[in-house]
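Engineer: Pulled these from Swiss-Prot:
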ACT_SITE  CYS83  active site, nucleophile
ACT_SITE  HIS173  active site
ACT_SITE  GLU175  active site
BINDING   SER227, GLY228, GLY229, VAL230, ASP231, SER232, THR233  ATP binding site
DOMAIN    6-199  domain 'Glutamine amidotransferase type-1'
DOMAIN    200-391  domain 'GMPS ATP-PPase'
Amino acid sequence: MSQPDKVLILDFGSQYTQLIARRVREAGVYSEIHPCTVTAKEVAAMAPKAVILSGGPSSVADADAPPFDPAVFDLGLPMLCICYGMQLLAHHLPGGQVAASTDREYGRADLQLLADTPLFAGLPQKDGHIVWMSHGDKVMAAPDGFVVAARTKNVDIAALANASRRIYALQFHPEVAHTEDGERILHNFLFEIAGLTSGWTMSSFLETELASLKEKVGDDEVVCALSGGVDSTVVAVMLHKAIGKKLHCIFVDNGLLRMGEGEEVAAYLREHFDLNLHYVDAAKLFLDKLAGVTDPEEKRKIIGKTFIEVFEVEAAKLPKVKYLAQGTLYPDVIESVSFKGPSAVIKSHHNVGGLPEVMKLALIEPLRELFKDEVRKVAVELGMPDFIIWRHPFPGPGLAIRIIGEVTEERLEILRRTDKIVQSELVASGWYRKVWQGFAVLLPLKTVGVMGDGRTYENVAAIRVVDSLDAMTADWSRLPSEILAVMSNRIINEVKGVNRVVFDVSSKPPATIEWE
């Protein structure tokens, strides 16, 4: 099968870079993000049909501005330069000029179209278009051969066009939802200017990937760590379709799962696929190692280390295994190559990252090109049930990081019952599919309450529900107060050990989605 047309996005550290990639893919065109440090020769070798330069927080005049090879402009490829990318264009090409702006623009701005350009074809004929700005510097003079295509109140040059070279630039962000007609502008660039074909679908991805997996594995065998989440389950089903009984799945029940979670996924896989499924009950081992531990980082490290130890023992029983399959997604890959470099570690990530080296296994990552929403589309293509496809993300350390303080069997049981009510009410009210994630947290404090004629002194539970696209940023969900009232009433009446419920109204940033 032929490879789909590819758009290369060069990342200069913008918070919106992944959003650009998502918007391009939503239009049916495959996109890849690469650091801005790639050379023109490397770009050409990747054979993209078009290039997009992202925005970024730097100034082109800074001594430590992101490195960039201006020869990229001479490759003859259609290019769209966004925000910092536009300033870069004016900085490097003859005739262009960039200066620091005294009037910084952040947020909504009114765009006036000045030139008839294919980039703005089909936009409504009106005086102003709302666009989203986020910049300090601005272009003072257009490079030779470029026409000024738009302006705003504070910026005389808000868009540039060179039709013969098929290079266009925007000072605003067409990828964000706040920009009116941003989708149309990107569509014009991809299909009218670059002439790309809309061939990136999850069915085409699946067809190509299954053939690739079959060829790569050959007669060898693969071990896959199942977590119960959608990513690892999709990986398992894909591999089973590609290599059948040469796949071995290991499900380690660490005792930190949601109510019925392990049994539910294991039952589905056993019922619908003739899988080699090894179910390991290691709950007591994990709880023993977590006894007395209250520090969240320590909890994560203990759980990660113990998982590797248990997985190693089980995988050693499978001597023919040569590959380890993981549910790595594209945002994980991007983070490792981003121009921003190693970010400050906010929390250690629990995954099986240490296993390939420890066990000397080659790695298979069938989903490493996909975003989370695309993984769900693959799951639909595979005919998987809704309860797996739409399951909310769940952290590797499980309920251990939703119990603030020490993890005990008693506290786990309280949290499981509380969380089950939150989940069931989200489903019953029709909100489960509307939000990114919803769950309960058990706090390390008790408060006084009254039940019947008696005084109580019980635990406090928090409800956390957020909206997000990719978990990189999130806002708290505006659940109707009626739903919160039902949740709270049920929790206090049905869960022994909780007498107070609070609702978390923090966004990410500054808070994180999980409490630990």
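Cβ atoms here come from the backbone N, Cα and C positions, even for glycine.
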Engineer: Taking only the Cα atoms, work out how far VAL230 (ATP binding site) lies from HIS173 (active site), in Å, as a whole number.
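Structural biologist: Pair distance, Cα basis, whole Å: 32 Å.
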Engineer: Select the closest residue to HIS173 (active site) from the following binding-site residues, measuring between CA atoms: GLY228, GLY229, ASP231, SER232.
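Structural biologist: Checking each of GLY228, GLY229, ASP231, SER232 against HIS173 (active site), the shortest Cα distance is to ASP231.
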Engineer: Average pLDDT across the domain 'GMPS ATP-PPase' (200-391)?
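Structural biologist: The average pLDDT of the model in the domain 'GMPS ATP-PPase' (200-391) works out to 85.
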Engineer: Does DSSP put GLY228 (ATP binding site) in a helix, in a strand, or in coil?
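Structural biologist: Looking at the DSSP assignment, GLY228 (ATP binding site) belongs to neither helix nor strand, so coil.
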Engineer: Excluding SER227, GLY228, GLY229, VAL230, ASP231, SER232, THR233, please set out which residues of the same chain place their CB within 8 Å of the center of the CB atoms of the ATP site, keeping sequence order.
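Structural biologist: Leaving out the recorded residues gives LEU226, VAL234, VAL235, VAL265, GLY327, ILE388, ARG391.
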Engineer: Under DSSP, is HIS173 (active site) part of a helix or a strand, or is it coil?
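Structural biologist: It is coil.
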Engineer: Taking the Cβ of SER227 (ATP binding site) as reference, which residues of that chain separated by at least 6 in sequence fall under 8 Å from it?
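Structural biologist: Correct list: PHE251, GLY327, PHE394, GLY396.
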Engineer: Which residues in the same chain, at least 6 apart in sequence, have a Cβ under 8 Å from the Cβ of ASP231 (ATP binding site)?
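Structural biologist: Same-chain residues close to ASP231 (ATP binding site) (Cβ under 8 Å, separated by 6 or more) are GLY327, LEU329, LEU367, LYS372, VAL375.
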Engineer: Identify, among the binding-site residues SER232, THR233, the residue whose Cβ has the fewest other Cβ atoms within 10 Å in this structure.
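Structural biologist: Each of the binding-site residues SER232, THR233 was scored; lowest Cβ tally within 10 Å is SER232.
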Engineer: Please give me the CB contact count at 10 A for GLY229 (ATP binding site), counting all chains in the structure.
Structural biologist: 19
Engineer: Could you find out if DSSP has THR233 (ATP binding site) as helix, strand or coil?
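Structural biologist: Going by the DSSP assignment, THR233 (ATP binding site) falls within a helical segment, counted as helix.
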